């Protein structure tokens, strides 16, 4: 069995929208043989409603309540990769759950890359405004300290090939003292 499949425990991806959490998460799960979850997709599956609609009807606070339940539930599982919503770290409860149940990986990218990756996505309720660049900058300034607070690994996804990035990430995970490795 290749060493990369010997990585035990949960991997939680945090970062701003467009940083690559879902894309990298899927590839990391494939590479390590783990089950992949996306907290936004899990909320949609449980409610039968799009995240943008939940934001519109219930507001951000109620969405964050749903998100906290999903994170708490999924963190109890073993050997998963979870791509969290960009704002999940705003709640101390979520930060504690993530930090105590697995390895937290902060994916960061330049504002230019984030904007390029999200500008045509109508399912980003926080960016449906006149100046999405200013909003991304504001979100970065607000959330970056929280991402850093719980991150075991920080990796830059700016202009990165997903397969190369996942390879680098697996190397860092193998070298990281922050996660358990299975023993034979």
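Our numbering is plain: 1 for the first residue shown, then up by one each step along the chain.
Yeah, the Cβs are placed from backbone N, Cα and C, and that goes for glycine too.
According to Swiss-Prot, 40, 64, 143 bind substrate; the candidate from 20, 25, 48, 86 that the record adds to this site is 86.
Neighbour count (other Cβ atoms within 10 Å of the Cβ, all protein chains): 17 for residue 160 (ATP binding site).
For residue 22 (ATP binding site) paired with residue 86 (substrate binding site), the C-alpha to C-alpha distance reads 11 Å.
Taking CA atoms as the reference points, residue 23 (ATP binding site) and residue 143 (substrate binding site) are 21 Å apart. When the C-alpha distances from residue 19 (ATP binding site) to the binding-site residues 40, 86, 143 are tabulated, the minimum falls on 86.
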